Amino acid sequence: MGKMGDKLDLDFVVSTGDNFYNSGLKGVNDPLFLQSFSNIYTAKSLRKQWYSVLGNHDYRGNALAQLSPLLRKIDRRWFCQRSFILNAGVAEFFFIDTTPFMRKYFNNSNRHYDWRGVLPRQKYLKTLLKDLEEELRKSTARWKIAVGHHAIRSIGHHGDSPELVKHLVPVLKANNVDMYINGHDHCLQHISSTDSPLLYLTSGAGSKAWRGDVKETHFDVNFFYDGQGFMSVQMTENDTNFAFYNVFGEKIHHWKVTKSTMHPSI
């Protein structure tokens with residue numbers, strides 16, 4: 001990542017959640033923050049701002065710790081909120097807290113989840129969707145990119161997220177969102193919609209990959225890689241180029257989307 005970051009001269013880094021395994025952070029002074037973030041991403045090119053969302057594993061710990069400004073005093077690169085908007089010039093990134101959408105986490109009495117600030121759940125989700133729709137509608141950005149932890153469409157281990165298909169997809173499509181980027185499944189994926197230009201991109205291959213669990217789908221799967229890796233996105237006014245890389249920094253898939261036609265070409 002460091003080598004590719006230097007080559008691409010990146011502006012910032014996006015983390016799609018499950019930032020700290022296996023159960024988030026215990027608090028703002030948890031040494032895991034240094035062990036799993038500061039002391040790992042040490043390359044000069046990665047010393048840019050990081051923007052992160054929470055994943056389900058983060059909610060198993062002290063979720064509020066990751067949202068605390070105290071962590072930014074330890075490492076100024078760190079920025080994590082439940083849902084927020086990043087204005088990046090030609091693009092706006094809409095970060096979405098997807099974990100509370102998943103009903104199964106609320107029905108699981110065997111695991112602890114830190115739902116402070118989320119309950120009552122239905123009110124939280126209603127407000128989240130209302131705010132997201134308002135901000136998307138107001139946006140005049142050339143490109144609109146949504147980022148969340150859970151996949152909407154996936155042929156990986158976890159598969160599709162029915163709750164997001166039901167509640168999130170209509171909002172994204174109605175407001176001409178160009179792509180949804182997620183983690184959760186430990187793989188790299190590029191899936192196209194059958195009825196809109198919306199792309200589903202999974203970049204969750206930081207660890208625990210090689211599951212060998214691939215599901216059948218009726219969607220247009222342009223690329224799937226079960227191993228470890230990461231992705232890059234380069235954007236101009238008219239073009240977006242994204243690429244997937246393996247752990248050696250070798251490009252294993254790339255795609256170009258042109259805004260004027262929205263017809264992808266390799």
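Including glycine, each Cβ sits where the backbone N, Cα and C put it.
TrEMBL does not curate its annotations; it predicts them automatically.
For 8-187, the entry in TrEMBL reads domain 'Calcineurin-like phosphoesterase'.
Among the features that TrEMBL reports, Fe cation 2 binding site is placed at Asp18, Asn56, His149, His184.
Taking a C-beta cut-off of under 8 Å and a sequence gap of six or more, Tyr21 (Fe cation 1 binding site) has these contacts in its own chain: Ser36, His57, Ser207. Sequence annotations record features per position, and here TrEMBL assigns Fe cation 1 binding site to Asp18, Tyr21, His186.
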Other than its own, how many Cβ atoms are within 10 Å of the Cβ belonging to His186 (Fe cation 1 binding site)?
22
Measuring CB to CB from His184 (Fe cation 2 binding site), give everything in the same chain under 8 Å that is also at least six residues away in sequence.
Thr16, Gly17, Asp18, Gly55, Asn56, His149, His150, Ala151, Ser154, His158, Thr202, Gly204
Cβ within 8 Å of the Fe cation 1 site's Cβ centroid: which residues qualify beyond Asp18, Tyr21, His186?
Gly55, His57, Gly183, Gly204, Gly206, Ser207, Lys208
What is the Cβ neighbour count of Asn56 (Fe cation 2 binding site) at a 10 Å cut-off, with all protein chains included?
21
What is the Cβ neighbour count of His149 (Fe cation 2 binding site) at a 10 Å cut-off, with all protein chains included?
29
